[in-house]
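S.K.: Below you will find the structure I want to go over with you.
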Ligand SMILES: NC(=O)C1=CN([C@@H]2O[C@H](COP(=O)(O)OP(=O)(O)OC[C@H]3O[C@@H](n4cnc5c(N)ncnc54)[C@H](O)[C@@H]3O)[C@@H](O)[C@H]2O)C=CC1
Ligand SMILES: N[C@@H](CC=O)C(=O)O
Ligand code: NA
């Protein structure tokens with residue numbers, strides 16, 4: 001058999017340790033599929049004394065990840081440090097400059113610097129692979145970029161953050177508090193180093209920016225993504241959603257609309273009958289709609305050591321086999337300049353939950369504001385009767401423009417009888 005492909009791994013946290021374990025446990029099938037053994041020979045990590053559950057004997061050890069890229073005996077660099085700048089970026093740039101293929105799980109890096117890094121990879125004539133960066137173990141990159149390459153894609157919808165999906169599922173099923181479930185997701189290795197990236201939707205937005213670039217053949221553009229997280233989703237909204245026939249999911253949606261592409265991440269009410277509504281826990285899903293293929297649904301674990309390592313090692317096997325596709329599916333010159341459509345132009349239905357003072361005339365005040373903004377109601381629920389106290393009112397609307405809804409919401413929030421900031425969740429007709 002040919003000599004082993006020598007791997008240098010930077011970052012031995014959840015994913016790094018998972019990659020070492022997978023390469024060891026499944027060495028036989030990996031070598032058969034790669035055509036040669038794949039062996040980690042060097043690592044860059046900070047703490048030599050930490051027990052990572054995998055033996056590190058005999059590996060060359062670097063404190064400085066950039067030095068790993070300069071190791072003559074390393075054929076491929078695997079970046080698992082994380083962060084859009086700092087050592088991760090320095091390492092990837094150094095490896096590409098040294099003509100070495102790179103595998104990374106770093107969606108923040110790809111979302112913010114993916115265009116420039118792809119140019120460096122093209123110049124060096126090497127692969128920059130990132131299957132693990134989107135939806136963990138699901139082959140979402142390969143599925144979209146290679147598997148659906150012949151289609152015009154109309155829309156890609158995803159549950160793209162395992163931490164949020166895990167939190168929303170536990171809140172619904174176990175009635176637990178947000179903070180308590182977040183701590184559990186962190187312990188399980190799902191959350192980012194800074195968990196606000198998960199719960200504020202930033203991580204899902206990084207992934208959506210990557211998927212949108214691949215689906216629509218345009219340069220990756222994180223700044224165009226509208227981002228909201230799940231901090232304001234309450235157990236009450238989750239319960240009311242169920243009563244209305246919906247589940248609340250944090251979705252990333254990239255869609256061709258009005259000659260442009262809209263990209264948005266926010267909590268959504270999804271009909272319980274849609275396949276994405278039953279994707280629970282740490283599972284992610286990516287739904288792509290192509291003109292010839294129709295709807296394709298991919299589902300699997302989106303975070304954690306095992307699933308993420310599975311995607312990293314799949315990329316290593318491709319590199320060992322010399323299987324290569326341009327980073328963004330086409331050369332930079334072939335990418336389109338389709339404009340981004342701002343969120344203000346979004347059209348859709350809305351769920352609005354208000355805590356109002358239970359007194360005559362309140363509903364008329366609220367519906368009057370909606371009428372002024374040409375927003376038509378689909379349904380209204382008022383629960384309980386507590387004269388002089390706060391009661392929830394739930395309104396669902398027909399399709400209207402985001403800009404109108406924002407205008408109406410500002411006026412409704414300012415009414416004396418509205419006692420808390422309104423909860424607004426978009427209803428998706430998928
Ligand atoms: N944990 C997960 O489920 C998934 C993580 N990812 C991505 O994989 C990457 C790694 O994530 P995790 O393993 O979860 O993070 P982690 O925080 O568990 O591991 C990162 C490791 O890098 C080390 N590190 C930091 N600076 C370093 C430096 N200068 N030199 C060497 N090592 C350094 C840290 O000490 C830590 O051990 C991130 O980009 C993350 O977004 C992607 C998909 C899933
Ligand atoms: N923090 C991320 C990890 C995978 O990308 C998530 O929760 O999905
Ligand atoms: Na993936």
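Every residue gets a Cβ built from N, Cα and C, even glycine.
Bear in mind that TrEMBL entries carry predicted annotations, made automatically and left uncurated.
I grabbed these lines from TrEMBL:
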BINDING   10, 11, 12, 13, 14, 15, 16, 17  NADP(+) binding site
BINDING   107  NADPH binding site
BINDING   192  L-homoserine binding site
ACT_SITE  207  active site, proton donor
DOMAIN    351-426  domain 'ACT'
S.K.: Taking the Cα atoms as reference points, how far is residue 12 (NADP(+) binding site) from residue 192 (L-homoserine binding site) in Å?
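M.R.: Rounded to the nearest whole number, the Cα-Cα distance is 14 Å.
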S.K.: Run through the Cβ atoms and count how many others sit within 10 Å of the one on residue 107 (NADPH binding site).
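M.R.: Here the count is 29.
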S.K.: Can you figure out which of 107, 192, 207 (the recorded positions) comes closest in space to residue 17 (NADP(+) binding site), comparing Cα atoms?
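M.R.: Spatially nearest to residue 17 (NADP(+) binding site) by Cα position is 192.
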S.K.: For residue 10 (NADP(+) binding site), name the DSSP secondary structure in the helix/strand/coil scheme.
M.R.: strand
S.K.: With the Cβ atom as the reference point and anything under 6 Å counting, tell me which of the binding-site residues (11, 12, 16, 192) are near ligand 2.
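M.R.: Checking each Cβ against ligand 2, the ones under 6 Å are 192.
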S.K.: Say we define neighbours as other CB atoms within 10 Å of the CB. Which of the binding-site residues 13, 16 has the fewest?
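M.R.: Each of the binding-site residues 13, 16 was scored; lowest Cβ tally within 10 Å is 13.
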S.K.: List the recorded positions 14, 17, 207 whose Cβ sits under 6 Å from any atom of ligand 1, in sequence order.
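M.R.: The ones that qualify, in sequence order, are 14.
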S.K.: 10 Å Cβ neighbour count around residue 15 (NADP(+) binding site)?
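M.R.: For residue 15 (NADP(+) binding site), the 10 Å Cβ neighbour count is 28.
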S.K.: Of all the binding-site residues here, 10, 12, 17, which one's CB has the most other CB atoms within 10 A?
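M.R.: Compared across 10, 12, 17, the most Cβ atoms within 10 Å surround 10.
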S.K.: Hey, how far is the residue listed as 'L-homoserine binding site' from the residue listed as 'active site, proton donor', Cα to Cα, in Å?
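M.R.: It is 13 Å, counting Cα to Cα.
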S.K.: Based on DSSP, tally up the residues of the domain 'ACT' (351-426) by helix, strand and coil.
M.R.: 23 helix, 28 strand, 25 coil
